[in-house]
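**Q** Quick one: the structure is below, and I'll ask about it shortly.
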């Protein structure tokens with residue numbers, strides 16, 4: 001993609017993707033990469049409403065809110081293609097992974113205050129460094145490492161969960177992240193070829209849609225596992241026979 005394209009937001013100062021800029025509006029640089037994030041916001045809102053309605057632990061409400069904050073930051077980034085907005089997308093990505101690490105590992109962590117304290121200062125330190133230093137490949141490697149740290153715990157939850165519907169959520173989580181990653185790589189690696197095609201499959205936009213569902217499936221699965229740990233008799237219900245969510249029944253003493 002060409003650099004320095006004039007627009008309502010000025011010259012491009014951030015990383016670009018394989019979508020032509022300002023095709024449909026002078027206010028939205030990458031149109032499909034921007035609107036494809038909307039499903040993720042709506043799914044996070046659904047998860048938040050369910051968490052609040054059934055009085056799950058606050059960590060899950062914060063998790064759904066962090067999904068929305070990340071999505072909004074990503075929308076601003078793709079709409080403007082400005083470096084500051086790119087940081088507003090990437091920094092919440094790291095914060096969200098730290099929150100996932102807390103939710104995954106805290107139930108078996110014996111020193112209750114050390115983990116959140118460490119993760120808080122780690123997240124704050126990263127935000128400062130990321131604001132001062134323009135990380136490129138380093139950010140991607142760092143983010144993948146954080147994701148990989150979550151994998152062993154997610155696998156442990158999966159093998160210790162007997163409920164078939166909950167296991168299906170975990171499988172959907174895995175399927176969406178693998179398919180989404182392939183779309184991301186396809187868009188990134190083959191952009192010179194894609195740019196010459198009559199039709200652009202918009203791999204990065206597909207990544208956004210799939211990751212919106214991926215986050216929802218991950219959050220719902222973790223809510224089920226945590227409810228099991230707390231003895232809340234969780235079950236995976238389906239709205240209109242299709243859309244999964246966790247339904248719990250707390251003991252009357254609670």
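Keep in mind that glycine also has a Cβ here, set from the backbone N, Cα and C atoms.
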**Q** Of the ranges 170-190, 233-253, which one does TrEMBL list as transmembrane segment?
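**A** It is 170-190 that TrEMBL describes as transmembrane segment.
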**Q** Of the residue ranges 31-50, 91-110, which one carries the transmembrane segment annotation in TrEMBL?
**A** 31-50
**Q** Among 2-21, 62-81, find the range that TrEMBL records as transmembrane segment.
**A** 62-81
**Q** Out of the binding-site residues 78, 204, 208, give me the one sitting nearest to residue 21 (Ca(2+) binding site) by CA distance.
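**A** Comparing Cα positions, the closest of these binding-site residues turns out to be 78.
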**Q** Which are the residues of the chain, 78, 204, 208 excluded, whose CB is within 8 A of where the CB atoms of the Zn(2+) site average out, their centroid?
**A** 17, 19, 30, 32, 33, 34, 36, 37, 74, 205, 207
**Q** Enter the number of other CB atoms within 10 angstroms of the CB of residue 17 (Ca(2+) binding site).
**A** 22
**Q** Considering only the recorded stretches 62-81, 118-135, 170-190, 205-225, state which has the highest number of Cβ pairs under 8 Å to the transmembrane segment (31-50).
**A** 205-225
